[in-house]
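Over in Swiss-Prot, the protein carries these features:
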{"type": "COMPBIAS", "residues": "1-12", "note": "compositional bias 'Basic and acidic residues'"}
{"type": "DOMAIN", "residues": "200-262", "note": "domain 't-SNARE coiled-coil homology'"}
{"type": "MOD_RES", "residues": "S14", "note": "phosphoserine"}
{"type": "MOD_RES", "residues": "S15", "note": "phosphoserine"}
{"type": "MOD_RES", "residues": "T31", "note": "phosphothreonine"}
{"type": "MOD_RES", "residues": "S36", "note": "phosphoserine"}
{"type": "MOD_RES", "residues": "S117", "note": "phosphoserine"}
{"type": "MOD_RES", "residues": "S208", "note": "phosphoserine"}
{"type": "MOD_RES", "residues": "S248", "note": "phosphoserine"}
{"type": "REGION", "residues": "1-21", "note": "region 'Disordered'"}
{"type": "REGION", "residues": "154-297", "note": "region 'Interaction with CENPF'"}
{"type": "SITE", "residues": "I290", "note": "site 'Required for neurite tip localization'"}
{"type": "TOPO_DOM", "residues": "1-275", "note": "topological domain 'Cytoplasmic'"}
{"type": "TRANSMEM", "residues": "276-296", "note": "transmembrane segment"}
Amino acid sequence: MRDRTHELRQGDDSSDEEDKERVALVVHPGTARLGSPDEEFFHKVRTIRQTIVKLGNKVQELEKQQVTILATPLPEESMKQELQNLRDEIKQLGREIRLQLKAIEPQKEEADENYNSVNTRMRKTQHGVLSQQFVELINKCNSMQSEYREKNVERIRRQLKITNAGMVSDEELEQMLDSGQSEVFVSNILKDTQVTRQALNEISARHSEIQQLERSIRELHDIFTFLATEVEMQGEMINRIEKNILSSADYVERGQEHVKTALENQKKARKKKVLIAICVSITVVLLAVIIGVTVVG
């Protein structure tokens, strides 16, 4: 009969390696040795996560402020300044996250050399998932600002109709919006129309807001285009990563349940042993008593 012990051992080694890979995908920050490269890596990951959460909060604040300004015919300068400050903070946080992601990105040479390393794949996983979260948040911010721009344009269009300036077509309106200066935009409106001072002020304010908004959108686009492209190329890989993380988390959870069950079974086995020992002791005592009584009798 052929000795297959070596093959079985190889199978066990392969299974152990798969288990290690699964666990590596869901390694929790703080489990690495203090001062080790992994601990430093996870410290950076925690920092990025915290910054992404902070960015998300700022995006929510921006959305609320935009809704408030849209509901105000003539928003105060302080409101517009607060909105611009939020945009600046979002851009600054975006730059910070981009640099932080760059710092944990596995170098190509290192990744190629250690492609099958569990540690390398874990780092690529963390970088990929964080990058995707970042890009999704920025896409949400850009979409939100684009929608805000359209609502401002609609407010201008509505004001023009109210003031009998309805002859301005959508194309002409876009051309005037692209003029780059509020004064030029307003003078173009005044050429052939009679506009009230209040309506004129609102139109001018909306136009200035649109200009600032467009600059913000362009700057965000310039900052994050390369990262969005990279994440799009890695989209399938990131989806696999998320699937692996979920399955790995289930795997670890099942493992914890198995350990818990094993401990409970172990406790039950110990209790059974104690009960058996007690029963045996009682039986021995009874036999001794019976034998003693018989001998005396």
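Cβ atoms here come from the backbone N, Cα and C positions, even for glycine.
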**Asked** Counting across all protein chains shown, how many other Cβ atoms sit within 10 Å of the Cβ of S208 (phosphoserine)?
**Response** 15
**Prompt:** If you average pLDDT over the domain 't-SNARE coiled-coil homology' (200-262), what do you get?
**Reply:** 62
